[in-house]
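Now, the feature entries from TrEMBL:
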BINDING   Cys212, Cys294, Cys295  Zn(2+) binding site
DOMAIN    8-309  domain 'Hcy-binding'
Amino acid sequence: MAPVGSKRGVLERLDAGEVVIGDGGFVFALEKRGYVKAGPWTPEAAAEHPEAVRQLHREFLRAGSNVMQTFTFYASDDKLENRGNKLTFTGQQINEAACDLAREVANEGDALVAGGVSQTPSYLSCKSEDEVKKIFKKQLDVFIKKNVDFLIAEYFEHVEEAEWAVQVLKATGKPVAATLCIGPEGDMHGVSPGECAVRLVKAGADIVGVNCHFDPMTCVKTVAMMKAGVEKAGLKAHYMTQPLAYHTPDCSCQGFIDLPEFPFALEPRILTRWEMQHYAREAYKAGIRYIGGCCGFEPYHIRAVAEELATERGILPEASEKHGMWGSGLEMHTKPWVRARARRDYWERLKPASGRPLCPSMSTPDGWGVTRGHAELMQQKEATTAEQLRPLFQKYQREMRIALPPSLLRLQTLIS
């Protein structure tokens, strides 16, 4: 076990041209395991069920992750208390528990701890810059107390709020990474990926990129645009990508949140481990050296990234002991037609079927087009009321131009 502070930092590794592998999507993974509530997506599990969070950290470490990101997504007080969400732990308790768990597991290998902050309901509700920055500062106090190795401002739809977060984090003197949940169209106010990246670097970010909302190849394309913008401006940065594990060819600016399948029917869109290897290679070719994942990523996806880049990294992850490269373990299968699949070209050429008769290949995103300042995005501590739900159901019916399904019709009747 390496003592705190004895490991080379994230910038030392990136400056040396090394690949840093991130982890995966904790809120989605833990929601599926029964420890996170979909909707709030808040991380009280760090304090309520530390054994679940610890085990997921260990699985990502075993799969090849170099970074244990604290499970502090949406852990600001204004989000923890949003729309009637009831907690038995304070934001400080959750953040401290998350830091302790990440450090414990990071010290079991050659991994760093990254403290993360994300977008806030206060920004969506048009609170002032000072008010929003105070929220980041409150989380940051815990990260400094726990001496995390570096800081990440992640999951920001608006570059302005991300800039504010970076400015707060940069004041610590620790390395800062900043990722926006945007695609090639830019942020929710139409600021291009290149301009977003320039603004983040000028705000103080050492590493810039994207996370969540879009599939791996869309994210690689977006980061390439960011890289081009930074270089055109004569600036320097390192680049990172932590995408979804879902195919999103039918998404526009808002990403997968607009998909009708979000969040409970996304499984048919999950990338295979072989597609993840392709992602890792394309990200590397694009000059991205911090490569990880977000929602939908499970440890086996990160293992695929680590295996694809094993030559560059000079090491295979521990989890590869149970996984033959390109399916070579199938050579030991009892059935000859399965043994015949123990080769790379089989898995690279495979077009997986969904097994769902008449299932469409793509969906029509909802895309209501609301963003910061719109009345429907004003947040509140009180639970969402039936009166607030009624116009949303009606809007859904108008926008989609379809009859409401029986379940929503019943609910609409109950609240009428």
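Backbone N, Cα and C define each Cβ position, glycine as well.
Note that TrEMBL annotation is computational and uncurated.
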Counting Cβ atoms within 10 Å of each candidate's own Cβ, which of the binding-site residues Cys294, Cys295 comes out highest?
Cys294
To test your reading of the Zn(2+) site: which residues beyond Cys212, Cys294, Cys295, same chain only, put their Cβ within 8 Å of the Cβ centroid of those residues?
Gly25, Phe28, Tyr155, Cys181, Asn211, His213, Gln242, Pro243, Leu244, Gly293, Gly296, Phe297
List the same-chain residues at least 6 positions away in sequence whose Cβ sits under 8 Å from the Cβ of Cys212 (Zn(2+) binding site), in sequence order, or say none.
Gly25, Glu154, Tyr155, Cys181, Gln242, Pro243, Leu244, Gly255, Cys294, Cys295
